[in-house]
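Please read the structure below before turning to the comments.
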Amino acid sequence: ATSRLLVNYQEPYRSQILDYLFKPNFGASLHILKVEIGGDGQSTDGTEPSHMHYEDDENYFRGYEWWLMKEAKKRNPQIKLIGLPWTFPAWIGKGENWPYDYPDVTAYYIVSWILGAKQYHDLDIDYIGIWNERAFSSKYIKLLRYTLDKYGLPQVRIIASDRLWEPISFVLLLDSELHGVVDVIGAHYPGTKTVPNALLTKKKLWSSEDYSTFNDEVGAGCWARILNQNYVNGNMTSTIAWNLVASYYEELPFGRCGLMTAQEPWSGHYKVEAPIWITAHTTQFTQPGWSYLQVDGHLEGGGSFVALTDGLGNVTIIIETMTHNHSQCIRPPLPHFSVTTQRATFYLKGSFYMVQTLQVWHSRLRFESGNSSLFQQLHPVKVWNGSFSLDLNVDEVYTLTTLKTGQKCGFQEPPPPQPFPSNYKDDFNIRNPPFSEAPNFADQTGVFEYFINASDPGDHVFTLRQVVVQRPITWASDADQTISLIGNFQWVNMTVTCDIYIEKQHDGGVFIAGRVDNGGIYVRRTKGVFFWVFADGTYKVTGDLAEEEVLMKGLSGVRDNAWHTLTLNIQGTSASGLLNGYPLWENVTISKPSNGWAAIGTRSFEFAQFDNFHVE
């Protein structure tokens with residue numbers, strides 16, 4: 001759920017961000033885009049909607065991944081697309097929190113997503129994963145291959161298991177049928193190493209999720225080091241960064257762990273961070289289908305190099321000399337090593353012996369000592385009798401290549417940063433919304449979608465509705481309540497007003513909240529000031545989402561299937577609440593949290609509607 005805020009950027013800024021990511025020979029020029037197959041559950045920084053909330057439901061226009069894949073393909077038709085589920089809607093497991101009890105159902109669900117991508121968006125999915133960082137089922141993987149072939153998708157390749165090298169490698173060596181259907185072994189955060197069994201399978205080895213590091217210069221150093229060393233030490237021929245672009249509220253888990261930052265759609269501000277230009281050193285001078293040359297890529301003075309060819313006479317050499325303290329990734333821990341300044345000599349033989357000059361691109365990360373230079377073109381290097389030498393400093397990246405197509409492009413500075421508007425309204429009155437979700441709302445459990453209330457001819461035809469009515473097959477610890485966050489985490493004093501409509505009789509309920517302090521994988525422990533009303537005519541004020549810390553309760557007269565207006569006012573250490581404009585409770589003392597987002601949500605996985613949201 002990391003591209004959530006990207007979609008609401010205004011033009012031209014949104015297109016500029018997409019150009020930095022995907023446009024060939026421009027910025028990061030990415031080769032691969034891996035997206036989540038939304039499953040209605042929490043997947044780290046929020047939930048992404050499923051294309052099938054319920055068994056009899058299909059909709060290939062929810063969320064933002066379809067849009068993102070199309071924007072990537074528009075800029076680079078050759079980009080490879082990967083889909084991987086983190087969570088699944090409840091009906092897949094028929095009540096169990098497990099996707100493999102009915103493997104034919106799960107396979108059909110995943111294949112329908114691939115078919116929908118083609119039918120509704122003309123997107124060809126190249127690779128499909130199993131279940132992110134969770135168990136795999138050999139029976140399911142075989143059935144998935146069978147189902148893909150049955151629906152005319154033999155070209156879609158299977159990657160497994162998006163977790164560790166084992167047990168998948170060992171099982172592939174034991175099970176020849178499984179070996180025949182898995183095309184790629186994908187491991188997460190491998191620390192540039194693989195295992196003997198993985199090599200024995202003779203499969204393509206990928207680091208199918210890596211990086212995940214704060215995108216400052218140390219993050220750039222991490223990325224430079226693993227892009228090379230995943231091959232040099234671990235034979236991995238692809239490295240995929242989580243995440244593409246930091247377009248989620250920064251105080252959610254793993255804030256700013258994207259290749260660039262675009263978390264302010266309300267201002268248009270974004271930042272092209274150093275990892276974008278580190279990426280360019282590899283992506284602008286190689287393509288999927290190029291081959292790594294089998295050289296020992298360790299440099300004598302520390303650091304590494306890789307060499308790749310297109311098989312048509314072109315060669316690209318990428319060198320990195322990242323020091324230990326300037327290239328630590330978030331995980332795994334990095335054993336100590338040393339890098340010194342050195343002179344390195346390279347020998348070009350065979351078909352490369354005829355190469356006379358190489359184009360040179362250079363970056364140097366300077367950290368505290370001054371301004372870094374990122375992805376600068378230097379004078380070409382002359383090759384004499386098949387060799388050339390370079391003086392290498394520490395914390396540098398060099399690309400030497402026969403290709404002359406590299407470019408460092410850019411736009412005018414984007415607008416300066418601004419906090420989230422301190423007075424924000426949304427009446428959800430939009431007949432044909434470009435996206436299924438309202439701007440800036442970040443769902444953390446449940447899914448909140450635009451809804452057309454055909455039965456209400458009055459003021460509430462266009463609303464926002466919570467639509468997940470059974471707990472999904474979870475990946476993280478989703479809350480037992482649903483919740484969507486919005487606003488500025490630094491807010492202290494605020495008034496939140498919203499019209500609410502409880503659909504569930506007897507024990508249904510909804511809330512509005514302020515000073516909400518948590519989300520993402522930590523959503524269960526969320527604290528704040530929560531104003532609840534219930535279908536049985538009671539209300540409650542709590543200091544947490546779990547309803548354990550009750551600050552006040554009483555009768556409200558609220559009922560289900562009727563509209564009511566809730567207002568929550570928080571000033572300093574005191575809070576008060578209004579119902580339909582009249583005071584319902586006041587002078588409730590608030591100790592902590594001292595600040596946080598605004599939020600809306602429901603008591604359980606239940607239908608409910610919201611309208612005329614206003615926070616000030």
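Positions of Cβ are set from backbone N, Cα and C atoms, glycine also.
Features as listed in TrEMBL:
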ACT_SITE  Glu133  active site, proton donor/acceptor
ACT_SITE  Glu209  active site, nucleophile
DOMAIN    1-284  domain 'Glycosyl hydrolase family 59 catalytic'
DOMAIN    292-407  domain 'Glycosyl hydrolase family 59 central'
DOMAIN    443-616  domain 'Glycosyl hydrolase family 59 C-terminal lectin'
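Of all the active-site residues listed here (Glu133, Glu209), the one with the fewest other CB atoms within 10 A of its own CB is Glu133. Across the fold, the C-alpha of Glu133 (active site, proton donor/acceptor) and the C-alpha of Glu209 (active site, nucleophile) stand 10 Å from each other. Mapped onto DSSP helix, strand and coil, the domain 'Glycosyl hydrolase family 59 central' (292-407) counts 9 helix, 51 strand, 56 coil.
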